[in-house]
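First up is the structure itself, then whatever we jot down about it.
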Amino acid sequence: MSEVQTAAQLVEFEGLHNQELLARYNNSLMGVFGTPQRVLVRGTGCTVWDADGKEYLDLLGGIAVNALGHADPFLTGIVSSQLATLGHVSNFFTSPTQIGLAEKLLELAQAPSGSRVFFANSGTEANEAAFKLARRNAGTAQTPRTRIIALEGAFHGRTMGALALTAKQAYREPFEPLPGGVEHLPFGDPDALREAVDDTVAAVVLEPIQGEVGVRPLPPGYLKAAREITREAGALLILDEVQSGAGRTGNWFAFQGEVAGGEQIVPDAVTLAKGLGGGFPIGALITFGDEVSGLLAAGQHGTTFGGNPVATAAALATLHSLEARGLLQHAADVGAWLRGRLASVPGVVEVRGEGLLIGFDLDADFPAGIAPQVVQAALEAGFIINAPGPRTLRLAPPLILTRDQAARFLDALPALITTAAAAAGKDMP
Ligand SMILES: *Cc1c(COP(=O)(O)O)cnc(C)c1O
């Protein structure tokens, strides 16, 4: 098998730079993402390098994915040794890591006895499973439960079922008709929820902290109200923690933290993905209690790859590392400090989030489109951040981010905003 030892050698990209590679990208990859910003070639910790050799501080973590940063030695070791032992078995078989991860997730979710886990490969797939679970809460022949409630601003993924739960018209419209019965209610309005939910509703699907709309936590009391309303009506309470889960907020799950206002909330189902595998693709649906866990019967759902030995080993390694290194507390501390400092940066008007899931808005006097300009200026200056809205920025860095690293960004931010404002043809408001 020749001298080839790395994947990079297989594509003979050595010596090529961002520009040539992106031209090749545009000639070979589907255009759904537009042209990516850079070609990244390696990383370590919170740092990545592009094909031109330029270094970046990664404050986005692959969108809340790289919890342990890049090329974490422990995760790399566990994944490599698992792949070298047994990589894939199909779901005619199971593996110790699959069982172990299911047990671990149930423990971290403080799930009651009878609770169960289904493994998928992504966030949208975890939500597809949740959608099918909701359909099985079918009601009776006289009163079928045909409705599913989601919220305005919700993002639940891009496959057809998850897309039906997603609110954004621009994502939905080109693909209609979508699976039916989904209604979107005003964000954070418990009265609207109370009014909508009755015995025709199969499930209410919520992100405790909406991520894609710019990191927007449910208002105080909403989650508790949603739990009471759904329990009363016999509807499932399904929490999409694809972005907020797996330690990102300083708790294993956001529903265990601030957004629940110190209440002990037991949902009916929770979905996870993004940070769970530390960069290795894996998704999960956790169902709480035996009644809900029995809704999907043998043969009613499946996946070829879901929960394979490598993916579940990656997730076990990630969770173990987060726990053993105290990274939840670290994320909570660094996140609180960072949010506090962000709030006093000129031009920043609102800071939201929990732990290291952070969104902030720039002054409304800036022209719309300022946020993408800040992202651009940040990239030039060696920082990876993201603009989920025209005046909104998001940070979801590796949970190992240090205060010093965060401080580097904070020191640079005022000038980035000024540069972006100038590019947009406007002075600081
Ligand atoms: C990213 C995300 C998804 C979709 O996850 P994919 O892995 O991209 O399919 C679903 N829900 C939420 C809340 C997300 O942030």
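Cβ coordinates are placed from backbone N, Cα and C, and glycine is handled just like the others.
Pulled from TrEMBL:
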BINDING   GLY123, THR124, PHE155, ASP240, GLU241, VAL242, GLN243, THR304  pyridoxal 5'-phosphate binding site
BINDING   ARG158, THR303  N(2)-acetyl-L-ornithine binding site
MOD_RES   LYS274  N6-(pyridoxal phosphate)lysine
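Here the features listed in TrEMBL are painted onto the structure.
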| residue | record | DSSP class |
| --- | --- | --- |
| GLY123 | pyridoxal 5'-phosphate binding site | helix |
| PHE155 | pyridoxal 5'-phosphate binding site | coil |
| ASP240 | pyridoxal 5'-phosphate binding site | strand |
| LYS274 | N6-(pyridoxal phosphate)lysine | helix |
| THR303 | N(2)-acetyl-L-ornithine binding site | coil |
Contacting binding-site residues for ligand 1, chosen from GLY123, ASP240, THR304 when the Cβ sits under 6 angstroms of any of its atoms: GLY123, ASP240
Those recorded positions of ARG158, LYS274, THR303 having Cα within 10 angstroms of VAL242 (pyridoxal 5'-phosphate binding site): LYS274
10 Å Cα neighbourhood of GLN243 (pyridoxal 5'-phosphate binding site): matching recorded positions from ARG158, LYS274, THR303: LYS274
Nonlocal neighbours by CB distance (under 8 Å) for ASP240 (pyridoxal 5'-phosphate binding site), same chain, sequence gap 6 or more: GLY123, ASN127, ALA130, ALA154, HIS156, VAL205, LEU206, GLU207, VAL270, THR271
Cα-to-Cα gap, PHE155 (pyridoxal 5'-phosphate binding site) vs LYS274 (N6-(pyridoxal phosphate)lysine), nearest whole Å: 14
Site with most surrounding Cβ atoms, counting all protein chains shown within 10 Å, from the binding-site residues THR124, GLN243, THR303, THR304: GLN243
Distance from THR304 (pyridoxal 5'-phosphate binding site) back to ARG158 (N(2)-acetyl-L-ornithine binding site), taken between C-alpha atoms, in Å: 19
Rounded Cα separation (Å) that holds between LYS274 (N6-(pyridoxal phosphate)lysine) and GLU241 (pyridoxal 5'-phosphate binding site): 9
For GLY123 (pyridoxal 5'-phosphate binding site), the number of other Cβ atoms found within 10 Å of its own Cβ: 31
For pyridoxal 5'-phosphate, whose listed binding residues are GLY123, THR124, PHE155, ASP240, GLU241, VAL242, GLN243, THR304, the greatest C-alpha pairwise distance in Å: 25
Distance [Cα-Cα, Å, rounded] between THR124 (pyridoxal 5'-phosphate binding site) and THR303 (N(2)-acetyl-L-ornithine binding site): 13
Spatial neighbours of GLU241 (pyridoxal 5'-phosphate binding site) that are distant in sequence (at least 6 apart) but have CB under 8 A: GLU207, PRO208, PHE253, ALA254, PHE255, VAL270, THR271, LEU272
